Amino acid sequence: MSANNSPPSAQKSVLPTAIPAVLPAASPCSSPKTGLSARLSNGSFSAPSLTNSRGSVHTVSFLLQIGLTRESVTIEAQELSLSAVKDLVCSIVYQKFPECGFFGMYDKILLFRHDMNSENILQLITSADEIHEGDLVEVVLSALATVEDFQIRPHTLYVHSYKAPTFCDYCGEMLWGLVRQGLKCEGCGLNYHKRCAFKIPNNCSGVRKRRLSNVSLPGPGLSVPRPLQPEYVALPSEESHVHQEPSKRIPSWSGRPIWMEKMVMCRVKVPHTFAVHSYTRPTICQYCKRLLKGLFRQGMQCKDCKFNCHKRCASKVPRDCLGEVTFNGEPSSLGTDTDIPMDIDNNDINSDSSRGLDDTEEPSPPEDKMFFLDPSDLDVERDEEAVKTISPSTSNNIPLMRVVQSIKHTKRKSSTMVKEGWMVHYTSRDNLRKRHYWRLDSKCLTLFQNESGSKYYKEIPLSEILRISSPRDFTNISQGSNPHCFEIITDTMVYFVGENNGDSSHNPVLAATGVGLDVAQSWEKAIRQALMPVTPQASVCTSPGQGKDHKDLSTSISVSNCQIQENVDISTVYQIFADEVLGSGQFGIVYGGKHRKTGRDVAIKVIDKMRFPTKQESQLRNEVAILQNLHHPGIVNLECMFETPERVFVVMEKLHGDMLEMILSSEKSRLPERITKFMVTQILVALRNLHFKNIVHCDLKPENVLLASAEPFPQVKLCDFGFARIIGEKSFRRSVVGTPAYLAPEVLRSKGYNRSLDMWSVGVIIYVSLSGTFPFNEDEDINDQIQNAAFMYPPNPWREISGEAIDLINNLLQVKMRKRYSVDKSLSHPWLQDYQTWLDLREFETRIGERYITHESDDARWEIHAYTHNLVYPKHFIMAPNPDDMEEDP
């Protein structure tokens, strides 16, 4: 039958076809009516049903014989049709034998019914009425199937985020980017660039989908829809849903069109014409799948098809060059490399790590919902070194997101209950021993009236517990009572916990009532661990006889006023909430905490010294050393530092959230210009203080701009100085620092950098705040992108943003450092020299009672401006002098 005679309701398929066992000779010359024996799996022959049960039953059950595989299927009687049966056959083959699929299988299979009473046992089915209950239906491949059909097996490609360095299986180049770097085939697992999607051959092996042929499908009526027509290509849409199962997602990309595939297959294959080639991007040999190492002349490239390989592999490559394939009149093979300098450690990328480490499917990002376009309407990207055309109305940039660095931003599993059980106690105020059902979680110890009710006698926050000690005070014990087992000491009361009955053996009956030394010791151990959850359990003192508690761990405490105290345990001063992860930096994880005596909320960065070599310990203390010398309202305040042999604890003030969270939670995932001006001015004022002291932050990004409150116009403070450097006004540094998405080109290229590095980051912050996307695409050179205004500032959303904002961004995102704006020049830019912004800042300074952003010398100028333009000039602003005047004069 013709390929164009498929039912209108069924989309044209590129499903895997009948397995090799379906027909012993699956070739165009095979007989269209050759079937295998109708023997059942139990050895007996099937007998056709003499009556059709559709009149009395709502479903029809029959057997499908596909080669040596037999499946029992059930179809609703009212839905039984020849088209439905063929759909079901395609689905079974697609699931059990995906590597045997071919183009247009639906139109090239024949169905035969086994009739044992007929001389010709196999009877061709031309109508669904010929299928009866219990029949055996043989699936046979038609002679219309050609060799080309078997060789065309399109890939099923999905946008994928890779966690390890991965290379394109078409061009051999690395897949660049932070997320959604490329496309992965669900069938064979190969990886491709998005730009290579329309060039790759339709040769999917389907090895990842293969199901054992002797394993039945989950249900007899399972029906899997056939793939979409190969003439249509699915592209990402801006509106979509996430967290779809890989098997349920709609394929987002396809390979080259079928007509091109057939044209290529007709070409004569000739030997490759190899020439020595220098690669500017990390590339692998497409024969042995290993990295082409070296600075230049790393390997050989075919002049015609651009196949890349080692010199040693050139003689082993099959002679299958097809020349340069054109698509819509344009070259479809890989073009010349674009010059994007990037340093890659060859030791970190090998044949094992370059692929296979990223097979875990991640939830599809929101852009993966599909709509369909005819490929003739699509412009194929050129790989030549040129500026690519960008959509004039929308941005192709990566959406703004939280960038995670070396330490995974993971939250400790929050256990609602650490320990629970009956326990007895009395207090320093009441010597009557009471029995309650204790429940210990990560933040408090609650004494319930019973084990099932919600009423409780007392709640003891862990942050109020000053220390746990062995039994020392027996003055309050009742006469004739047994002594307690340990003491919980708070600022207002002492809890004497447990009852030591003198029996060292374990008594389950007494333990269930809260009496006994062993049950009390288990509670003491659990509470000690809850008080210091980030300390390894092996390091925590658990024996009641130990009086030093945690003091053997903590060796010193360094306070911001330079006082040093020996043997001070951080758990006696602060309570760390392990399930309250505020964020993670390069060197540690930040937890929420509370000062035990005052109840003040703090943020505690816990740095694991064991993660870093001894020679880097000085770098770990760099943040503390810098913060100790910084006292500015726009910079997070350091309270103190604790150090143990294993960890460093940096205690800082706790703020409400960060700027990135504010951006992402906004209505359009971007900020209005008014709020952006307000926050950027504060960032620049804090940077001015840093640069005046020759301190460069080196890792400025929205995650490191903290907000003091949830107000629409909040106070902002800079944090995370782990990368900060002391750099003089005319000095340069070369060490690699910071987060790549916000770093200036000179750092990424390992060139010398100075304090202007922070100004580039400010430009990126302004860009992402106003647009909600990163300014640069990972696949293109920054110079080319900056010069392409259509790429940098697409009408959506930049038509709504003032030209002054764009001008400031352009002056900050200058590749040449000497052309980049300084702090003072940025503060003087017309975009920030705005009367409304000045009013917002003055209102904020009046609210907090401190003037440190604006300067009193500007008051007269703005008063004249208000008078000239008939604007209201408030008189209630505070007039206190700027504190910066006393320590700097920039």
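Residue positions begin at 1 at the first shown residue.
Using N, Cα and C of the backbone, Cβ positions are placed for all residues, glycine too.
Source: prediction; values computed, not measured.
Per Swiss-Prot, the features are:
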type	residues	note
MOD_RES	Ser6	phosphoserine
MOD_RES	Ser27	phosphoserine
MOD_RES	Ser37	phosphoserine
MOD_RES	Ser44	phosphoserine
MOD_RES	Ser213	phosphoserine
MOD_RES	Ser216	phosphoserine
REGION	332-371	region 'Disordered'
MOD_RES	Ser391	phosphoserine
MOD_RES	Ser395	phosphoserine
MOD_RES	Tyr457	phosphotyrosine
MOD_RES	Ser539	phosphoserine
BINDING	Leu582, Gly583, Ser584, Gly585, Gln586, Phe587, Gly588, Ile589, Val590, Lys605	ATP binding site
ACT_SITE	Asp699	active site, proton acceptor
MOD_RES	Ser731	phosphoserine
MOD_RES	Tyr742	phosphotyrosine
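Feature annotations (Swiss-Prot) mapped to structure.
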{"residue": "Tyr457", "record": "phosphotyrosine", "DSSP (3 states)": "strand"}
{"residue": "Leu582", "record": "ATP binding site", "DSSP (3 states)": "strand"}
{"residue": "Gly588", "record": "ATP binding site", "DSSP (3 states)": "strand"}
{"residue": "Asp699", "record": "active site, proton acceptor", "DSSP (3 states)": "coil"}
{"residue": "Tyr742", "record": "phosphotyrosine", "DSSP (3 states)": "helix"}
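For Tyr742 (phosphotyrosine), the count of additional Cβ atoms within 10 Å of its Cβ stands at 25 [all protein chains shown]. Around the Cβ of Leu582 (ATP binding site), 18 further Cβ atoms fall within 10 Å across all displayed protein chains. Taking the C-alpha positions, the distance from Tyr457 (phosphotyrosine) to Ser584 (ATP binding site) comes to 38 Å. The closest partner of Asp699 (active site, proton acceptor) among the recorded positions, by CA position, is Tyr742; the full candidate set was Ser584, Gly588, Val590, Tyr742.
Rounded to a whole number, the C-alpha distance linking Ser584 (ATP binding site) with Tyr742 (phosphotyrosine) is 17 angstrom. Around Val590 (ATP binding site), the same-chain residues six or more apart in sequence whose CB sits under 8 Å from its CB are Val581, Leu582, Gly583, Ser584, Ala603, Ile604, Lys605, Val606, listed in sequence order. The number of other Cβ atoms within 10 Å of the Cβ belonging to Ser584 (ATP binding site), over all protein chains shown, comes to 20. Separation of the C-alpha atoms of Gly588 (ATP binding site) and Tyr742 (phosphotyrosine): 20 Å, rounded to the nearest whole number.
All chains included, 25 other C-beta atoms sit within 10 angstroms of the C-beta of Gly588 (ATP binding site).
Neighbours of the residue listed as 'active site, proton acceptor', defined as other CB atoms within 10 A of its CB across all chains, total 25.
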